[in-house]
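Copied from TrEMBL, the annotated features are:
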type    : residues                                         : note
BINDING : A:Asp28, A:Asp73, A:Asp211                       : Mg(2+) 3 binding site
BINDING : A:Asp28, A:Ser42, A:Asp73                        : Mg(2+) 4 binding site
BINDING : A:Thr43, A:Asp44, A:Asp121                       : Mg(2+) 1 binding site
BINDING : A:Asp44, A:Asp73                                 : Mg(2+) 2 binding site
BINDING : A:His51, A:Glu264, A:Tyr320                      : substrate binding site
BINDING : A:Tyr103, A:Gly120, A:Asp121, A:Arg145, A:Ser213 : ATP binding site
BINDING : A:Asp214                                         : Mg(2+) 5 binding site
DOMAIN  : A:26-138                                         : domain 'PurM-like N-terminal'
DOMAIN  : A:149-305                                        : domain 'PurM-like C-terminal'
There are 2 protein chains.
Amino acid sequence: MEEFSLITSLVKRLPAPGADVLIGIGDDAAAVRTSGQPLIMSTDTMVEGVHFLPSTITDYNLGYKSLAVSVSDIAAMGGKPLYALVSLAISSDWNEERLGKLYDGFAEVTARFGCHVVGGDVVSTTGPMVITTTVIGEADKPITRRGAQPGDVIFVTGRLGGSSAGLETLMQQSAISPTGQAALVAKHQRPEPRVSAGQFFAEVGVHALNDISDGLASELNEIAAQSQVRCVIEAARIPLQPEVKEQARSRQADPLSYALYGGEDYELVGAVPARTFAVLLANAQLLRVPITQIGRCETGDGVVMRHVDGRLEVIEPKGYNHFARASRAGSR
Amino acid sequence: MEEFSLITSLVKRLPAPGADVLIGIGDDAAAVRTSGQPLIMSTDTMVEGVHFLPSTITDYNLGYKSLAVSVSDIAAMGGKPLYALVSLAISSDWNEERLGKLYDGFAEVTARFGCHVVGGDVVSTTGPMVITTTVIGEADKPITRRGAQPGDVIFVTGRLGGSSAGLETLMQQSAISPTGQAALVAKHQRPEPRVSAGQFFAEVGVHALNDISDGLASELNEIAAQSQVRCVIEAARIPLQPEVKEQARSRQADPLSYALYGGEDYELVGAVPARTFAVLLANAQLLRVPITQIGRCETGDGVVMRHVDGRLEVIEPKGYNHFARASRAGSR
């Protein structure tokens, strides 16, 4: 494949950029108009055999997911994604047809979340496929991990644990219903970056926010460490995707471990003053995502979980790597 | 190596960011202040064994070069580099010490060209090392490849051909003086992005600009095609790095082929009205880079080179890949 003709054929898969793109793909660099608001930028790299396997994700969904995870980072800052750059180190088993499907997946993300791919690079590699996505957005008041205060409500969006349970389903036989399996696999392969919710959280003054890429345990520990607070969560309040419970039952596993240590749910977890939390709840329907209080910030440090029997468990910042070594090749 | 501690140790190698970096490395995404001028953004991926070899470049210079080539793309738009993101897919033969040297090379680029590394990703790969650099800058009036007009002077910065001659020196025995070899190798390993010159070119109204990553032949053909002009260059006017002539003589090769097809010189080639070209010449000393007229734009298409004997040669857009297949693994 010749670089220029390949790029031309792939770029055709993408929606035409808007008027804010002054110079798109095809020059030394892209040029875009911005409003002068603070820029938000993030980059993610996914490697075949480390972060994904052809057996656990289609090329289309891989394109969707690899760009969606960078969009999720922008959402986690309360930002609006605007532009994306995509770099591919292409292994010999990826032909133009497969790359086209990958780009169709990128195109879905850009269309749904209102951003544009304005550049990138395609090179060949003798090793596994490597996909690097960079997303640039704007946020008037970016939300960090360090603003949580004692007394704040800790909340999450959506239902947790589905992604790692979905990966488990893909890597091993699953005993649950085909519909249940499909729901879990969908959560794993097609995460939903919470872009509108994140922007709303920034507007109303959420104190701290993370997207759940490495599991709730890891993300909450980051908020606790950066904000210098103690996060106390209630086991009974953690909202699990219903099929996760089914999967855990069939495997005699702890359903909460999927939410705490599984990762890749790409929901948001944040800390917010109680009064403002009421505003979030009142708008959950408008934002089309469940919002659930799972605990409170206190003075102190670390993360603890109160079990239904009152027992307190210290939640270490262990993430996916420690959760399921056997299926490490399938996720991140 | 654990991801967080590795990132912490690598980030210490970088200069502290300025006040325009609102949120640096360590959150979901970086947040930076900008002026509201158009943003310029570019990304490049380099793969070990395809674009570089440990035998042809030190880890430090690899860091320098991989970020410098993205800075060069910003220069080619007449832009000012501001922020960089660096993603690494790390192969097993890269330890923390080697990565530290790579980051020291990044640090030199950010210090010299006034930009900051504000984010990135580090992941492991079972294949060769993959380095993706993204640079974001600003340009009031970005210069494309499409503005050249008949009558425009075609000019280049610096002296050409040194990079590919340097690579040749590294890949094969060279018969020229050690000093000559060192000069060529330096051009190959430590290209000098023409950032100040590019910004000046934008200010005074240069019509079209490219950086020479794939060789003069390829870059001029892009300007000709995008601007719908014919580029007529004079063989006798192409400024060669002096050691290139020495190297060519020792190999009985055509010295111009290094400039035309060698690539990776990362000088700038542009088209400018004759009156404005006089302004460029008058400022060359201030910009600390030679500026040389090599030809003119005419009506028509394609690129032709007039030899000293008056003969006209059509210059095809062949670049590095076609120049030296044997040493393909060393460059791009």
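Here the Cβ of each residue, glycine as well, is placed from N, Cα and C on the backbone.
Predicted automatically and left uncurated, TrEMBL annotations should be read as such.
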Across the domain 'PurM-like N-terminal' (A:26-138), average pLDDT on the 0 to 100 scale: 96
Among A:Asp44, A:His51, A:Tyr103, A:Asp214 (the binding-site residues), residues with Cβ under 8 Å to chain B, listed in sequence order: A:Asp44, A:His51
When a 10 Å sphere is centred on the Cβ of A:Gly120 (ATP binding site), how many other Cβ atoms does it contain? 25
Out of A:Ser42, A:Ser213, give me whichever of these binding-site residues has the highest number of other Cβ atoms within 10 Å. A:Ser42
Running the binding-site residues A:Asp73, A:Tyr103, A:Asp211 through a 10 angstrom C-alpha radius around A:Thr43 (Mg(2+) 1 binding site) leaves A:Asp73
Please count the residues of the domain 'PurM-like N-terminal' (A:26-138) that DSSP assigns to helix (H, G, I), strand (E, B) and coil. 35 helix, 44 strand, 34 coil
Please report the Cα separation of A:Gly120 (ATP binding site) and A:Asp28 (Mg(2+) 3 binding site) in Å, rounded to an integer. 10
Using CB atoms and a 10 A radius, I'd like the single residue among the binding-site residues A:Asp28, A:Asp44, A:Asp121 with the highest neighbour count. A:Asp28
Pairwise Cα distance for A:Arg145 (ATP binding site)/A:Ser42 (Mg(2+) 4 binding site) [Å, integer]: 15
Cα-Cα distance linking A:Tyr103 (ATP binding site) and A:Ser42 (Mg(2+) 4 binding site), given in Å to the nearest integer: 19
Rounded Cα separation (Å) that holds between A:Asp121 (Mg(2+) 1 binding site) and A:Asp28 (Mg(2+) 3 binding site): 11
Tell me, how many other CB atoms lie within 10 A of the CB of A:Asp211 (Mg(2+) 3 binding site), whichever protein chain they belong to? 28
Candidates A:Asp44, A:His51, A:Tyr103, A:Glu264 (binding-site residues) with Cα within 10 Å of A:Asp211 (Mg(2+) 3 binding site): A:Glu264
Identify which of the binding-site residues A:Thr43, A:His51, A:Asp73, A:Tyr103, A:Glu264 has its Cβ surrounded by the largest number of other Cβ atoms within 10 Å, counting every protein chain shown. A:Asp73
